[in-house]
Amino acid sequence: SVPRCYLNKQLATVRVLKGDPAELSCTVSKDSVTGTWFKDGLKLTSMDGVVFEKKGLVHKLIINKAEDIHAGKYRFEGGDVKTEASIFVEDPPQVDKVLLKNLTSVPTVAKAGEGVKLQIPFEGRGPIRATWLKDRMELGDDTRIRVDKTDTCTTLSISSCDRRDCGDYKVRLKNDSGVLEINLKLMVIDKPQPPAGPIKIVESSANNITIQWKPPKDDGGKPVQRYLVERQQMGRNNWETLGETPRSCTSFTTSKVEEEMSYYFRVRAMNAEGASDALESGEVKAAGKASPGAPAPPEIISASKDTITISWKAPRKTGTSQIMGYIVQKRKKGTVTWLPVTNVPVKDKKLKVTSLKKGVQYEFRVAAVNAAGTGQPSDPSEPAFAQDPTKSPGQVQDLKVSSSDSTSVTLTWNKPEVQDGNDVKGYEVEMRPSNSLSWTKCFTLPAESTSCRVQGLRAGEKMFLRVRALGDSGSGEASELEASAGVAAPVVSPRLLIDDTVKSFLVIKAGDPIRVKIPFEGSPEPVVTWLKDGVPLPSRAAVSTEDGSTQLLLRAAEFSDSGTYTVELGNGLGKRETFSFQVQITDIPQPPGAIRLDENVPNTVTVTWEPSASEKWEKNLYYTVLKRESQKGLWHVLEDLIYNNKFTFTRVVPGRDYYFRVVAKNDLGASDPSETVQPWRIRKTKAEFRVKAQKYRGVNQNQPPRFLVPLKPHVVVTGSECHMSCAVGGHPRPKITWYKDGRDLSRDPNYFCTNDFGVCCLVLLGVTKQDEGEYMVEARNEVGRAFSKAFLAIRGNA
């Protein structure tokens with residue numbers, strides 16, 4: 001729609017974008033009134049782009065396409081009507097729409113090491129300030145990055161880009177008419193980082209070595225395609241390429257190794273841009289070959305008139321390589337010659353031996369085979385007859401230890417429940433240590449009764465004992481138990497084994513588990529008691545005590561779990577020991593409450609806020625106060641480490657809007673902020689004074705402006721305040737306007753201007769490098785105008 005202003009309805013301002021139409025209209029009381037239009041006090045008869053129109057009582061001034069020359073103060077006079085309005089032509093920064101779409105829709109892609117130049121031409125009323133930001137931080141010139149600007153273009157140049165330059169960029173173009181922000185994305189492509197280490201040695205044997213690694217943390221912007229694996233033999237300078245693995249495989253096995261030889265390995269990740277730097281391993285030594293140990297004696301599974309089936313277990317010591325199979329041998333009982341059962345090693349651990357002579361008693365043994373050769377053979381199996389099975393005695397019942405002392409154990413049992421017509425001729429008693437798989441007979445002859453005493457044991461040593469019934473057709477199934485010879489243990493006073501892993505003060509985040517494990521010793525076994533603040537633990541707490549240690553566990557800590565915890569040992573003999581530790585439950589603080597702003601002292605603001613709910617349980621809580629001077633500006637810290645709920649800000653500039661934010665903090669982090677919604681502003685007061693002009697008849701008192709004291713150059717340090725002042729005379733009183741590099745500062749909230757009885761002052765708070773430039777003050781009245789200029793230089797902190 002066309003911006004319109006109806007002068008006789010007191011709508012005195014029209015704001016129009018450059019190039020758009022605008023219209024002023026005024027209604028008079030009589031159709032005969034012709035009326036006259038004025039601009040900036042001068043009568044308008046004609047003007048480029050302006051059309052005067054009269055329809056009945058309505059007089060219009062129509063601007064078809066607003067330009068800078070059309071801005072100004074317009075007045076209409078006609079009959080008894082005399083009114084005025086102002087037209088402001090806004091010309092905000094603009095960028096070509098096609099170029100803008102291309103820049104924002106597709107990321108800019110560059111290769112690492114190459115230069116990047118992002119150039120944005122723009123239009124709009126000058127001066128236009130161009131700012132480049134990355135991750136909300138303003139970019140400045142350094143050894144690699146340069147920001148240039150002309151009247152029509154701004155350019156970001158990166159001489160040699162790398163992966164650090166990837167990210168989101170923003171260009172902010174700003175002038176008196178508005179702000180334009182452009183979001184860009186830069187992607188830098190490079191070769192990958194080295195694979196993540198260290199290289200793990202999964203297997204190292206005499207035959208092969210297997211290594212493993214992790215994918216690189218940064219793939220260089222393009223996916224990893226494969227990994228290159230190389231090897232160097234110790235004592236040589238050259239690296240040998242072993243092979244490649246696909247991106248999904250992060251392990252490699254090589255069989256090209258020599259026994260007891262040391263190697264180094266390295267791995268490179270590769271993408272379309274090339275190979276990464278290498279991840280190298282430490283020294284890796286291939287093992288020497290060693291044959292396996294002896295298996296346990298084979299077990300007889302079943303027998304028939306010409307076959308016997310046996311089974312066995314793998315040896316505990318397998319050597320330095322995997323077991324490839326087993327050699328099985330047989331012999332007749334009473335002979336010394338062992339004969340092979342098969343010509344090749346048996347891969348399974350079970351074998352049916354065939355072609356045996358009926359009625360002959362056989363023994364069997366096995367030996368494991370690996371890459372180093374054949375290992376030691378096992379002890380012989382129990383002898384077995386090659387005959388069809390007959391019913392053997394059943395399993396003995398209720399095997400138990402009836403008594404024991406420091407060197408012996410007495411066993412008792414009951415006869416098999418079902419003897420199947422086979423009389424029990426005796427009982428075979430065997431034993432084996434807990435660290436061995438080999439059984440040995442306890443007695444030379446079978447036991448005749450259902451009890452026996454096993455002697456020659458060591459006090460406290462654990463043994464496995466088994467008993468089986470014997471009959472004419474063979475032995476029954478064995479019953480087995482674990483036992484140990486008893487011994488009177490010495491009395492050891494209860495003692496908590498406190499070391500560096502047991503802390504006396506714990507800080508736990510709310511919701512995390514509390515887990516404290518404390519080892520102890522004592523004989524007899526001490527009684528463990530846990531207390532919190534001198535009373536029993538809450539029902540949520542779980543205590544477990546076993547194998548010489550006690551543990552306290554609360555799965556999800558609550559604030560009520562803070563306090564003093566005590567563990568106490570007692571042995572019933574009057575000996576006690578205790579240990580106490582403190583637990584503090586904490587969490588990221590809750591945000592502060594509502595903020596209130598008061599002007600208790602002129603030109604200051606006192607910020608008060610409701611305390612965070614976390615003050616009830618957090619002793620180390622404090623607050624940080626921040627402020628910003630516009631709704632989209634950056635937040636700046638005013639004060640940190642505030643331990644009360646009030647802060648007074650004294651550097652308030654009248655007429656400027658302020659927003660405040662308060663954050664609660666502790667050792668774990670910061671809360672969500674509490675912020676003011678409405679801006680805080682202290683009204684700018686103007687000194688009122690009246691000058692009673694003396695009347696001199698016949699004398700013209702008007703004088704053009706003149707500078708009694710001109711502006712002077714200034715050099716100030718970044719972050720300090722700057723006051724630029726001058727003195728102006730003239731009659732009527734001149735109007736004062738400040739400029740920086742030709743830009744009008746009247747509406748810029750970053751500058752504070754005063755004019756007291758002709759003494760004019762421009763105040764800059766917290767100057768930055770962008771405030772450097774030429775400043776000009778213009779004094780104007782109806783008689784004439786005058787100018788004074790000075791340069792402001794900014795230098796950094798020493």
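Glycine is treated like the rest: Cβ placed from N, Cα and C.
TrEMBL does not curate its annotations; it predicts them automatically.
Feature annotations, reproduced from TrEMBL:
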COMPBIAS  398-408  compositional bias 'Low complexity'
DOMAIN    3-74  domain 'Ig-like'
DOMAIN    194-289  domain 'Fibronectin type-III'
DOMAIN    294-393  domain 'Fibronectin type-III'
DOMAIN    395-490  domain 'Fibronectin type-III'
DOMAIN    494-586  domain 'Ig-like'
DOMAIN    591-688  domain 'Fibronectin type-III'
DOMAIN    705-788  domain 'Ig-like'
REGION    372-408  region 'Disordered'
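Tertiary proximity for the compositional bias 'Low complexity' (398-408) is limited to same-chain residues at least six positions away from its ends with a CB under 8 Å from its CB atoms, namely 414, 451, 453-459, 467, 479-481, 483-488. The average per-residue pLDDT of the prediction over the domain 'Fibronectin type-III' (294-393) is 88, rounded to a whole number. Secondary structure of the region 'Disordered' (372-408) per DSSP (helix as H, G, I; strand as E, B; remaining residues coil): 0 helix, 12 strand, 25 coil. Secondary structure of the domain 'Fibronectin type-III' (194-289) per DSSP, as helix, strand and coil residue counts: 0 helix, 50 strand, 46 coil.
For the domain 'Ig-like' (494-586), the number of residues in each DSSP class (helix H, G, I; strand E, B; coil) is 3 helix, 56 strand, 34 coil.
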